[in-house]
Amino acid sequence: MRVTGGRVFHEGRFIPATLSIENERFTAIEPVDPQKAAAEGSSTAAMVGDATVAQNRAHGDLAADGLLVIPGLIDVHFHGCMGHDFCEGTAEALHAIARYEASRGVTALCPTTMTFPEDLLGRVMDAARTFDAAADEAAFVGINMEGPFISHGKIGAQNPTYVTPCDAALFRRLQKRAGGLIKIVDIAPEEPGALEFTREVADEVRVSVAHTCANYDQARAAFEAGANHVTHLCNAMAPLHHRDPGPIAAAFDALHVMVELICDGVHIHPAMVRALFALFGDDRIMLISDTMEAAGLTDGSYELGGQEVSVKGNRATLASGTLAGSVTDLMGCLRTAVRDMGVPLETAVRAAALNPARALGIDHERGAIAPGMIADAVVLDEQLNVRHVIVRGRLLA
């Protein structure tokens, strides 16, 4: 298969190129001289008609004239969509989630748990371990274990009933049931046993600071103990303050730490998003969606972590008014970051593809368009709307 006529995101910039795919991998990126292509008449209209698309599909090619080609996105923090939640732990839910996300340009996922008791979490891990993505579904490249080792003081939309102290034995039991899929586990550094837990498991999993009342020193201690990740930066933690800088400044000072941002236009003000990109740079920020089961559906009443959630527009809240995840998928967050928040497109693409891959240790095969990488790609128009999705070398219908 070849993708022709588009501007391909390669090594941090967009270049006119022809992209070749074979056996689920990118095999070649051939730069094209735009002036020569125009002279030869190979650059056609910005929008390709359905008949042209069908003809090219029949020949194994996709004409992407006037379009952008970016790597498939990777969401490391995602709960659900289309009326399903990862913690349902059923094959039906997992396939529905993976199918919808792929259609939105998210080709790899770390589905994320909520704070639940061990027996329920164990069943979720069992289901994830045996999940096998269909050809039109996003791959599960890990599990993000957001609870239960968090703080009651910054509970957010987690269920306080099931919060428990950090427990390495519990984590390892769940990791065994998951077949090693847990890639991220959250802690509140100020809670008893959190630093000891971090030191014990930091070589086995990414430890993330989350749902925490930690001050600067407490967060810094966690990073020194081996934590290297921050869950939805700014949310469910103390804000950045000039006399009490808190975990945000501690994360900035710890250069090995990568941070998540929800750029849905609800969770963080655009000015703060711009400030954080300036502060942390292009290499340390990951865009996430944090979507819950209402993503892809209409306004109404839904559920997250066993609690009722009201959705109106792009805002999901508990009865208390507390934000309860997001209803904007990762491609929507990327679009919002670029169009409404002033984040450069190249920076946003990196934050939604390569940086998550780096965090998960899968950047040797995902997160970029390069020969030998898994052929996940998204074709966008100039307004950043999804026109086509390629999943493991297959063009979705």
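In case you wondered, yes, glycine gets a Cβ from its N, Cα and C as well.
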Substrate site partner of Ala157, Asn235, Ala236, Arg243, Leu323, Ala324, Gly325 (as recorded in TrEMBL), chosen from His256, His267, His269:
His267
Residues close to Zn(2+) site centre defined by Glu146, His211, His232, Cβ within 8 Å:
His77, Gly147, Ile150, Gly156, Gln158, Asp186, Ser208, Ala210, Thr231, Asn235, Ala236
Local Cβ density at His211 (Zn(2+) binding site) - other Cβ atoms counted within 10 Å:
29
List, in sequence order, the same-chain residues at least six positions removed whose CB sits under 8 Å from that of Ala324 (substrate binding site)?
Gly156, Ala157, Met292, Leu304, Gln307, Val309, Ala316, Thr317, Leu318
Between C-alpha atoms, which of these binding-site residues comes nearest to Asp290 (active site, proton donor/acceptor): His211, His232, Arg243, His267?
His232
